[in-house]
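Q: So TrEMBL lists the following for this protein:
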ACT_SITE  His451  active site
ACT_SITE  Asp502  active site
ACT_SITE  Glu511  active site
DOMAIN    30-524  domain 'Glycoside hydrolase family 9'
SIGNAL    1-27  signal peptide
Amino acid sequence: MEQPRSRLLSLSAVLLLLLLAPDLAAAFNYADALAKSIIYFEGQRSGKLPPGNRMPWRGDSGLTDGAQHNVILPMLLLVCLSLSVARIVHAGMTDDLYVSGFRQVDLVGGYYDAGDNMKFGLPMAFTTTMLAWSVADFGKYMGSDLPHARAAVRWGADYLLKAATSTPGTLYVQVGDPGQDHKCWERPEDMDTPRAVYSITSSTPGSDVAAETAAALAASAVAFRRADPGYAARLLRAAVVAFELADRHRGSYSEGALSAAVCPFYCSYSGYEDELLWAAAWLHRASGNVSFMAYVRANGAQDGAGNDDYSFSWDDKRIGTKVLLARGVLRRDRRRNVPGLQLYKAHSDSYICSLVPGAAGFQAGQYTPGGLIYREGGSNMQYVTTTTFLLLAYAKYLRSAGATVACGGGEVAPAELVALAKRQVDYILGKNPAGTSFMVGFGDRYPRRLHHRGASLPSVRAHPARIGCDQGFAYLHSAAPDANVLVGAVVGGPDARDGFVDDRDSYGQTEPATYINAPLVGVLAYFAGTAKY
């Protein structure tokens, strides 16, 4: 007969877990935090802003993005080509009109990644993937914010569609020269730095960014499957094209010709294999096409499936892929389970065990004294929000199958994952040693000096005259609070000892980023919809 608690956590472990995971009664207004976390994305938009944009101090920007790549043919040549073009139009081939040597590339739109005016493809695609996963898994808890969350997904997906389909055999992966952009501190509405366009092709591969783009488009197709089936179908077709470019022409985008443009900002340190498996998993979920699951089985070992790993980010997708694939063996109707994926469940369990104090496999030193998950390096909050998302997503999948996490000889119940996730959310929102919210505009105390150009500089409405490249640095180094409130932005956060300095020059702590907020949207939706007020 099994001894009481022999397969559960020890009493001491439970006490430690309770310290890290307090009562599930609502500590904060999670619905308000959810709404603000989505509004933040409206402050990061590039392009022509739609009516009703809820960050009123922002204006249009980057309206010629892509133009630098366009080839302007002499008027005489255009006239000579006109008859050929007319024949193409007459033949009904206008859906993909392409005359060799001339194509208008429109890269207007998308998101600025963080506090600068750059559009980096790898983090933007990951942001879109996580927003879409939030809607797909937790949209039912979003209530009146669901349309706004879908709009946030669409803003990213629309841009990625253009980047993936504007030119056959090409994926546009970046707009802006980071060296020049970072030499200036100016509003996006004023920017006059070079808007250089960077792309990958079969001869200049970038499997990492192409596969992440495929994942983003496929995840977005899942998010829009019921709301807009036609749009979802377009997204899925583009996802397949991006995946084929990634898989057939392998190589990392940060090791080739683009290295100087993308490093050290968003180098693909983990390689590209993790993105290939991640994209295949999303394509299978979006399409149900068994060929993508066959790809996972055939390529999983070489693409990192056998390795335990403990972080999830815009760069490293391995554990996110494993949790997503574990869903395939955790169905309420066991007849719908996908065979051959038990390995991913086992590795997902190992990851969760590493996070739970007292569990077999727990890795000490992952938390600050105040209880926040901590990874070495800057902008720690990105790891907090991705980890918290995976805790809730995995708890959801486990519950659907009546399963638990296996940690050595013990078990961890889904409810304990939820409790641990809630502790992280509450820390972000203000239940921490500093007594401050790390979400801008939430609560009475929050960061007021963001490492963010648009927030720190007077808006174009308040100060219509242009503020030049060098003039802006006076605002960067000022101790004055931000001129504009970037509502909902979550900053990089405290250090390993829970210390936080509200200083614009401390970009590792005060710079927000889209990939910090994106996973948090789903997390906040869950607690907004389930918390006991």
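Glycine is treated like the rest: Cβ placed from N, Cα and C.
Whatever TrEMBL says is automated annotation, not expert-curated.
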Q: Which residue, out of the active-site residues Asp502, Glu511, shows the minimum number of other Cβ atoms inside 10 Å of its Cβ in this structure?
A: Asp502
Q: Write down the Cα-Cα distance for His451 (active site) and Asp502 (active site), rounded and given in Å.
A: 10
Q: Let me know how many other Cβ atoms fall within 10 Å of the Cβ of His451 (active site).
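A: A count of 23.
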Q: About how far apart, in whole Å, are the alpha carbons (Cα) of Glu511 (active site) and His451 (active site)?
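A: Computed Cα spacing between Glu511 (active site) and His451 (active site) is 5 Å.
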Q: Mean pLDDT for the domain 'Glycoside hydrolase family 9' (30-524), rounded to an integer?
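A: The answer is 91, the mean pLDDT of the model over that range.
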